[in-house]
Amino acid sequence: RWIKFEEKVEDGGERWSAPHVPALPLHSLFQLRTCLQKGTVLLDLDASSFKEIIDKVLSGHPEEAELQPALRERLTVLLLLQPQHQPMKSLLQLLTELTFSPCQEKAKSRSDPGAQLSKTPLKEQLRNRFRKKVPSGAEAAHVSVGEVEFLEKPFTAFIRLRHGVSLGSLAEVVLPSRFLFILLGPPKVKAYHEVGRAMATLLMDELFQRVARQAEHQEDLITGLETFLDELIVLPPGKWDPSARIPPPSSLPSPCRRTAVDPPDQQPHGNWDMAAAGDRDSLGHPRSGEELERTGRLFGGLLRDIRRKAPWYRSDFSDALHPQCLSAVLYIYLVTVTNAITFGGMLGDATANMQGVLESFLGTAFAGFIFCLFSGQPLTILSSTGPMLVFERLLFSFSQDHSLDYLEFRLWIGLWVAFFGVVLVATEASHLVRHFTRFTEEGFCALISLIFIYDSLKKMLSLADAFPINWQYRLDNVTSYSCTCNLSSPGEPKSCKWMGRWWRKLFNPILTCPTTSHLLPLPSMQSVHPYSPCSKAEGLSKTQCLDRGGHLLGTSCQYVPDVTLISFLLFGGTFLSCTALKCFRSSHYFPAGVRKLVSDFAVILAILASCAVDAALGLETPKLLVPSELKPTNPARGWIILPFGANPWWVCLLSAVPAVLVTILIFMDQQITAVILNRREYKLQKGAGFHLDLLCVSLLMAVTSVTGLPWYVSATVISLAHMDSLRKESETSAPGEHPEFLGIREQRLTGLAVFVLMGVSVFMAPVLKHIPMPVLYGVFLHMGVAALNSIQLLDRVQLLLIPAKHQPDLPYLRHVPLRRVHLFTAIQLLCLALLWVLKSTTAAIIFPLMV
């Protein structure tokens, strides 16, 4: 059988072989051409059953004089026999059949040799699970070849029906049939089977299918076969094993590319030129035909964005009704919560808690919800960025040094940025996106990805400070380790010593004061005597001891369990689990539906598994803590920032200067991310909205400035992770064919749900506190690595380390000298290193100018 590739029933007739590329003898194609030239060819035949087809074929044979009635009757009986099918069986069916004896199984598996073809489908056809692999709208073609003793010369017929007709039990699955090919002949010729394979391979060729469907004469079929022969590439005998099965390739050339008129030796150059131009078009300025053209009118681009997105608004909600969207919501929500906590903590340190974790939560929820509701590309996730944090830190320091009110100064900067953003939208400045090339995009995306990877590792290494590793712990010295709580005042050691001797005479406990080096526990002493001036308290926790003014004494007081070790295990385990489960879709285990479900929920399953391991071990790993009260982090501020009163009047004018830098930062951050998300390779159908997105971000700048919330812009890595979690692939794929990427599930509901959950996270603190932070850092690492793997720069960096003879057969290596590829990569790495050094210093405010 053939769908895209050939499959054979293995010896024993129990299973189908693995799909493989058919290898045809060249002579079989020449014989097939002779069969089409001399045999019967019936085009647009009207028939409703297989028996009617056979009757018309035998009566329309060009050499019908030689077909005697008896011979015609024998051919009819032979062709109407029920063919033997090999249905696909589930694991449950195979286990059930094991209960039968071999004789019963053999009798059951083979149909009656003399059974006639049924006019209605058989039960095994209707139950055949192979039907799921057949694409919708497909039709069946039947190739019948064989050797018979009563024929003296071959009998050949090619039939094309006018309309697709179900031919009862003829096919393996119930499908309408369009083409039939029959070849019967005497036993002296043994090539019939190979001719039949050649015919089936031809019918599976997309270009020959067009010819076969549109052919009006017999010569048209011959011409189609000649075209197929022109494309053949012959493998020399003795240089390969003909019995070897060639596995299906990962991708196939499109029919349009095959119809190129260039000679085979020149075709790759022409195709590469076109592909390179298309690649530059898709990566440099995606969909630039309309979305980035200037109209010459004020707000012309914005109005065009609105007109383009308005018809899709209703479907932006209905298209989200799919289980895949649920996994995307949970995944992006946990990532966004972690990012908000991390950024909020750093922002609180930089601004004396004028903006903290709670402000980060509320700002993310509000800005993200409004953006997803009204933006042109709702798949974008808003977040705070590193350069923005640097600016906030510099602005706060400047305000403190010059006795200015930080929030009021920031309010005017935000209002100016919003005004400049509206001006950029009105003048259609987004058309500058057309000049962004792969060089810029890859450098920016690589930088953001490396920041995610670096920050996740940095956070994990910082755990060693909070939970130090016990390098000096020795199991043999366990008897000398102790720690007790001493409630005496450190300033009275003499009194402690004297009273200790007096106390020992009365109660005979073994008591040790602060000056001793080893502490021994008080035997059976559960409480401290109220009159003891040098009290040793047993049964008190570390927190209770410190709260009562005591201090810890002993060699094991600094001991903590190996929280750092288990944290790194959770961190690495989550990262590896996310990566492995994401790749599970392309594995060979379990049915396709199960693989797809596991891949869609890969990150959630990895988080749940890691949380279960953490709960089972019971160690006090650092957990996700979210604010539980709705009040400003700094009690000195309110929720509304007044524009006047705290600073001189001229500050509102001076604010325009730093606002220019912030405007450039937001424009570059927002538009580069938008370019990456709207690449042609993602097959987005609803279009982009560069001007509308910039307007939404600009207006949100004004609102968040008035309320004293952080500023937000598109987050590249989180947005890419959001899109990757919404990838659509074909439900059915032929054996050996990889699922076809259909695009992204474009909708607004996942983003809206993420930010609604962000808003109510304050009330979900009892649940979220069970999620270890190392698990979420592992998810961050997975996101950074996944984004880094999606760019060509990483492939070219690997080429620097691979000898030329082992380098992969990449298209650009065929046409671009290797030294120029390495030079391009080296310049890109140099610029990336410069950006990294720049963002690590206080000069990070000019980061967008360097981009």
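Every residue gets a Cβ built from N, Cα and C, even glycine.
What TrEMBL lists as compositional bias 'Basic and acidic residues' is 278-291.
Marked as domain 'Band 3 cytoplasmic' by TrEMBL: 1-242.
Annotated domain 'Bicarbonate transporter-like transmembrane' per TrEMBL: 297-851, in sequence order.
Feature annotation from TrEMBL assigns region 'Disordered' to 240-291.
Per TrEMBL, the feature transmembrane segment maps to 328-348 (among others).
Residues 305, 308-309, 316, 332, 336, 339-341, 343-344, 346-347, 350, 451, 626-627, 665, 669, 673-674, 677-678, 687-693, 696-697, 700, 703-704, 707, 709-715, 718-719, 722-723, 726, 744, 746-748, 751-752, 754-756, 758-759, 761-762, 839, 844-845, 847-848 of the same chain lie 6+ residues outside the transmembrane segment (360-389) yet bring a C-beta within less than 8 angstroms of a C-beta in it. Annotation source TrEMBL lists transmembrane segment at 360-389 (among others).
Summarising the annotation, TrEMBL assigns transmembrane segment to 409-427 (among others).
What TrEMBL records for 597-619 (among others) is transmembrane segment.
Per TrEMBL, transmembrane segment is recorded for 639-667 (among others). Among residues of the same chain six or more beyond the transmembrane segment (639-667), those with a C-beta under 8 A of the stretch's C-beta atoms are 387-388, 391, 395, 404-405, 407-417, 420-421, 424, 429, 632, 694, 697-698, 701, 705-708, 711, 713, 845-849.
Annotated transmembrane segment per TrEMBL: 688-713 (among others), in sequence order.
Per TrEMBL, the feature transmembrane segment maps to 749-768 (among others).
If you look up TrEMBL, you'll see 775-794 (among others) marked as transmembrane segment.
The list of residues near the transmembrane segment (821-838) in space but at least 6 beyond its ends in sequence, with Cβ under 8 angstroms from a Cβ of it, reads 439, 442-443, 446-447, 450, 793, 796-797, 799-800, 812-813, 844, 846-847, 850-851. Feature annotation from TrEMBL assigns transmembrane segment to 821-838 (among others).
The transmembrane segment (775-794) is not in contact with the transmembrane segment (409-427), judged by fewer than 3 CB-CB distances under 8 Å for residue pairs 6 or more apart in sequence.
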